[in-house]
Amino acid sequence: MKEAAADLGHLLVFAFLFCVGAFMVAPVITDVTMAALCPGQDQCSLAIYLTGLQQAITGLGALVVTPVIGNLSDRYGRKALLALPATLSIVPLAIMAFNQTRPYFYAFYVAKTLTAMVSEGAMMCLSLAYVADKVPEGRRAAAFGVFSGVCTAGFVGGTIAARFLSVSSTFQVATLASVAAAVYLRAFVQETDRGASLLRDEEASRLLFPPSSSPEEASPRLPPLRKVPSLSEMATLLTSSSTFTRAAVVTFFHGLGETGLQTALLYFLKAQFHYTKNQYANLLLIIGITGSFSQLTVMPLLAPRLGEQKLLVVALTGSCVHGFLYSIAWSFWVPYLAASCVILSILVGPCIRSIVSKKVGPSEQGMVQGCITGISSTASVISPLVFTPLTAWFLSETAPFNFKGFSLACAGFAMLVALTMSINMRPAEVQPDTR
């Protein structure tokens, strides 16, 4: 257990550094994009469409790449595959660290679009599979929450740094943080045994506590998948139980709404309240600090008491309030109030991933996490195609009626569908834990 805790500690340090580098540029990227494409303007349809196109291409690439990488990690190791997103994430940051003029922005745009197909989804997928290799099922929900909380803490650290740095210095420091993450991964993070030790403990526990033969209590396990997954194999995974099916639907509609918020929110705030870099940073700090507190404190406290399914319903309720409150913001301070709902909405991802993690064996964790990430990526492809023109339309002078937050309200309705589907989701079964 001490060895596993030390390994997880190194993984958490790597995740923190990775997220510092990745999210440090979030408060400045909107202003950089607007300055490169539409200097001196508060509304820019070209910037909105390019951002949406990038999200769609990235999501499509992640849909194809992430499940494959997750399955390959089941064969070749989590650390070996984690090195890929850790290294690729450095490239676009280094371009903007050199210069932020229009030609360099377009080079950054292309590099970010290509590298994000691998780096964004795969990092989370592989890291969660790493955690699942090290943590028994009964403690996995809390462990996923702690990992997500550390990632959010990295988000907070990067945002605080961006708040006090110039634009050029922000990209330079972000590049250094990403390089430090890749070096730390190589030097300190140890490869896992892909759950072999947990599998031995599970087999021992089955000898002591034979599983019930009733279908209500049995937790279906998929047969091991030893090659790159095909579409039919992923479809088999998602339809093997009602829990998987509902988790897939919830993941899709929540991802649809969440990506819609990401597509529209910053440009909405720019047009409606003339937000600048510092105001973006303040908003993201509220989101990051609240989310980090929730994942590190609320998730470990409530998950064992309520169970992942009930906590998922509570979290999705917070997501709906989050989206609808943004859409009707009537003053510059209302988005700050809406951001506080993250204390609940941030728990959606860890709850879903913990539920599906308990439905497969240790050697299929990469596969199942990759599939969930792939579904989320599918939503990331579709969402910009819907919300980008919707946002540009309602922020323009040709909007059919005066409701600049209409696209944000639509994102809230997508998350309401996810909430409805989650209500009857079957709770995940936990196998006896003798550790």
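The backbone N, Cα and C atoms fix where each Cβ goes, glycine too.
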**Asked** Of 6-25, 406-425, which range does TrEMBL call transmembrane segment?
**Response** 406-425
**Message:** I'm a bit unsure how to read this: which one of 171-189, 280-299, 311-330, 368-394 has the highest number of Cβ pairs shorter than 8 Å with the transmembrane segment (104-131)?
**Reply:** 368-394
**Asked** Hey, does the transmembrane segment (336-356) touch the transmembrane segment (143-165), meaning at least 3 C-beta pairs closer than 8 angstroms, sequence gap 6 or more?
**Response** yes
**Request:** Return yes if the transmembrane segment (280-299) and the transmembrane segment (406-425) have at least 3 CB pairs under 8 Å (sequence gap of 6 or more), otherwise no.
**Result:** no
**Asked** With pairs 6 or more apart in sequence, are the transmembrane segment (311-330) and the transmembrane segment (171-189) linked by at least 3 Cβ pairs under 8 Å?
**Response** no
